[in-house]
Every structure is written in C-alpha cells, then in structure tokens.
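Noted in Swiss-Prot for the protein shown:
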BINDING   Arg24, Glu81, Lys120, Lys456  (6S)-5-formyl-5,6,7,8-tetrahydrofolate binding site
BINDING   226-231, 245-251, 270-273, 335-338  GTP binding site
BINDING   Asn226, Thr245, Ile247, Thr250  K(+) binding site
BINDING   Ser230, Thr251  Mg(2+) binding site
DOMAIN    216-379  domain 'TrmE-type G'
Amino acid sequence: MNTVRETIAAIATAQGRGGVGIVRLSGPLAGKAGQLITGRTLTPRHAHYGPFRDDDGLVLDEGIALFFPGPNSFTGEDVLELQGHGGPVVLDMLLQRCVQVGCRLARPGEFSERAFLNDKLDLAQAEAIADLIEASSSQAARNALRSLQGEFSKRVHSLTEALIALRIYVEAAIDFPEEEIDFLADGHVLSMLDAVRGELSTVQREAGQGALLRDGMTVVIAGRPNAGKSSLLNQLAGREAAIVTDIAGTTRDILREHIHIDGMPLHVVDTAGLRDTDDHVEKIGVERALKAIGEADRVLLVVDSTAPEASDPFALWPEFLDQRPDPAKVTLIRNKADLSGEHVGLEQCDDGHVTITLSAKGDDTGLQLLRDHLKACMGYEQTAESGFSARRRHLDALRQASEHLEHGRAQLTLAGAGELLAEDLRQAQHALGEITGAFSSDDLLGRIFSSFCIGK
C-alpha cells in the first residue's frame, strides 16, 4: 500500500497535562473518521462542539472538531483536528479511537513530510517548522518564522533562476557553434556569473548567521597559562564551572559549558594554557586546545594586561593562525584591568579586529561589553526583517554551489572551456536544489523528517 494514501493520526500537542489537547488526522479517511467520532457530518472549516464517542456510543471526551478538505489544508490532504482536554489518558483514548476507525499512527514529522510531498511547502520551510518550535530566543524564533514564510527559499530560488538563465545562454552557445560566441570576448557570461557569485556570497553570510542563532556559537577561550581564562568562563557561566588558582597550568583539559546570553545559545570552551611544556599531560591539553581553536566559531584570546608580553599580544598569533586562518574571528581580551589600571572598554580597529579590556573578577561593565559583542557576532543585532534560519546542511549546500561557480569561472578564464563551465553551473544548481528539496534523496528526507515531533 502507498503509505502516503493511508490516513495517519497523532497527538499534536506536547506531552504532559494541559487545558487543551489536539489529535490530528490526515488522509482520505479524515472526513469519515470525523463523522464516526462526532456522530455528525462536519462542515468544512467550521468549528463543531460536541462529544467524541467510541464505537459503542460512549462519550470519550467533549471538544471541538475541525475538518479541512484537501488540497486546502496544511498537508494538502483531508485533515481533521479533534481538540479536547489535555490529559494524556483522554488523548490516548481518542487516538486509539482514530486507529479503530482505520487510521494508523503517524511517524515523527510525517504531517510536514506530506505537506512537502504535496507541494504545500518546500524542504527549507518544513525544517523551519521544527526550528520555530525549538527556538531558544526571540531572534531565532523570528528568523525561523521568516524561513517558514519562504524568505530563505525565495533567495535560493532567485539564485537558481539566475543560474538557469546563465546555463541557457552557455549551453545554447555550445549547441550552436556556428554562432561563434567567444565567451571571454563577449563579457556577458562573466558579468552574469560574477553577479550570481556576489549574491550567493551574501546569502552564505546571512545563512551563516541564521545557523549560529539556531545551533549556537562555539566560543573557545584561549591564551597563555594564568591569563584568567577560567575566571572568564566562570563569569560567563554565572557559576564556578572551572577551578581557579594562581598556579599556572591548573586547567589541563577541555572544559565545556553551555550557556545562554539573552536566550542566545553559546557553547563556551575553556582550554589549557598555550606554552611549551615537558609535562606529558599538559602537552596533551595544549594539543586539544589548538584543535578546539581550529573548530571554533569565535576565539577569545585572553592576555594578562599586567604581563610583559601584553605589550605585544599578537606575538601569540602565529600559533593561532595555524589553526584559525581567519583572524577576524579572534577577539583579543585584555584581562586584569583592575591590576593594570587600564580603562575598561571595547576598541574596534579599521581592519575589523576587536579588543575588549576588562577584569574577569567582577567587572560588570567589561563583561557586559563582551556579552554584547558575542551577541553581535551571532547576528543578534539583525532586525526582524533581515534574518532567516538555516541549518548546517544548508551551509554545506551553499558552499558546494560556491565552489562549483569558482571552479567554473576558472575553467572559463584559464581555458575558455564553456563545456566545463556548463557542467559546473549544473552542479551548482543541483546543490541549491538540495536546500529546497528540488533534488533530495529519500534517505535525506527520512533523516530530516524523523527529527521532527510526532504530530508535526
């Protein structure tokens, strides 16, 4: 049997007790199930209050029944919602009644999956439903809602249309060689290609911010021993998460804390002090610290502002740049301002580098500057009209599309190879199609929708 034609049922409200609980059905039997359970023919899109009965006519509960005939429903199929009281026993009895009249229990995310398969929404919009439910901040919720409304998808479709137009031009020139179009001399191809690359770069940047808001930013605290890294972690965490002593090298391993700043998720990693050492255990800690630096979204390079090397803290940077090629993702923290007498504040250079001077021992002003800086790095300052949610798989697809465009441009400019450019354009279009589901394997769809709540 084609499972899409089966009628599915699930409890759509969260587990536990509440004033209202909802059982949702989708499929060809939804209308008949509503008639059998309520004892009446349901008028589409009208609220019907009355009893919900079992097969013997006994009342299971009282509530509201809503019937939405397809295709004008969330899933594109006939949909029935039974809104009763929110007790788990009552809802389970009602769900079993739905099974009794011919429904089967829905898989996690199957309602959203059917909406996708029936072209009611694309894959990015379907994922935004889960992101909206799981949002840990108002900004993340707004971004998810904009993705659900199609903002991210519109940007991807715009890129796809531009690629299609470019492919038509290139492939027409290849198929009709008598036109003798010189791609390089024409200049039109390069102009169109560079325009797509520029827009793709913008979407990549905005999607990266959206992914940080959704998944949280990994912040690694690094620096020399005894620079105050663990004290800074404790202040950010709001508790004594790390042992703090005056003995250099107290922290010898990775210490992770998951915190929220105004609802924004951050994964803060305290690391062993970076120095040459003969201590085998400490050496392992330093190696792990360098590995964590390479995987970080943001590195806080902490220096002791009273130490001699504080006058030239960037002497530490070669060690960091081996792991973190982008120095723009490193924030310099000049710690112990209470001892050095330096002014607490934030300084941003013309090249974008940020230095924050603070004291990790109770300096509220400096710590608030750091919190605000981290929020800005995550895109918290974006307005509700500019952001959208994104996932790591979206970033991978955008990266692949960008790489294909870069490769195709190189093939065109270095070898004048229009055929190779055409293939790279096709591959880039395919990568973008994976975001919206235009090109997606059944395995990918299964993994995505299985992570949803049952009833969604």
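Quick reminder: no glycine exception, Cβ is built from N, Cα and C everywhere.
Just so it is clear, the model here is predicted, and its values are computed rather than measured.
Positions of the features from Swiss-Prot, shown on the structure.
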residue	record	CB count, 10 Å
Arg24	(6S)-5-formyl-5,6,7,8-tetrahydrofolate binding site	26
Glu81	(6S)-5-formyl-5,6,7,8-tetrahydrofolate binding site	21
Lys120	(6S)-5-formyl-5,6,7,8-tetrahydrofolate binding site	19
Asn226	GTP binding site	20
Lys229	GTP binding site	30
Ser230	Mg(2+) binding site	24
Ala272	GTP binding site	27
Lys336	GTP binding site	24
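Cα of Ala272 (GTP binding site) to Cα of Ser230 (Mg(2+) binding site): a distance of 9 Å. DSSP gives Ser230 (Mg(2+) binding site) a helix state.
Spatially, by CA atoms, the binding-site residues Arg24, Glu81, Lys336 include one closest to Ser230 (Mg(2+) binding site), and that is Lys336. In the three-state DSSP assignment, the secondary structure recorded for Arg24 ((6S)-5-formyl-5,6,7,8-tetrahydrofolate binding site) is strand. For Arg24 ((6S)-5-formyl-5,6,7,8-tetrahydrofolate binding site), the nearest of the binding-site residues Asn226, Lys229, Lys336 in terms of C-alpha separation is Lys229. On a Cα basis, Glu81 ((6S)-5-formyl-5,6,7,8-tetrahydrofolate binding site) lies 60 Å away from Lys336 (GTP binding site). Taking the Cα atom of each, Glu81 ((6S)-5-formyl-5,6,7,8-tetrahydrofolate binding site) and Lys229 (GTP binding site) are about 54 angstrom apart. A separation of roughly 50 Å, to the nearest angstrom, links the Cα atoms of Lys120 ((6S)-5-formyl-5,6,7,8-tetrahydrofolate binding site) and Lys229 (GTP binding site).
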